[in-house]
Amino acid sequence: MNPSDKLRLRTETKEGRCTVYISGELDLEVASQMRAAMEPLVELCDRILTLNLKELRYIDSTGIGILISVLKARHARSGAFTVEAVPSHIRKLFDMTGITPFLNETGPSAAQAH
């Protein structure tokens, strides 16, 4: 499978808020694609950078590492970073790895959104 077919990203910017809609799989194979997409957004989003995970089917430790990198980079710039619509199976991984307390979740969870 072509890496660009595994991961799809769509960005929406409105009133200083950047929302990245992530669908597919976020793993080692697509890590460079995700990093390349996130790097400019980390610096350019004025107010809030939000990742919408509603359509994220799978994430591995590399993908979680990318989320942590984005979180740290936004924190270093005093920029807000949130996640929204986290599917229950992804939330379980976040809980198991201990990153849930560091992710500011906004809006309904993906389970509630269906």
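All residue numbers here begin at 1 and follow the chain in the order shown.
Yeah, the Cβs are placed from backbone N, Cα and C, and that goes for glycine too.
No curator has checked TrEMBL annotations; they are predicted automatically.
Taken from TrEMBL, the feature domain 'STAS' covers 7-114. A mean pLDDT of 93 is what the model gives for the domain 'STAS' (7-114).
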Taking DSSP H, G, I as helix and E, B as strand, the domain 'STAS' (7-114) contains 50 helix, 38 strand, 20 coil
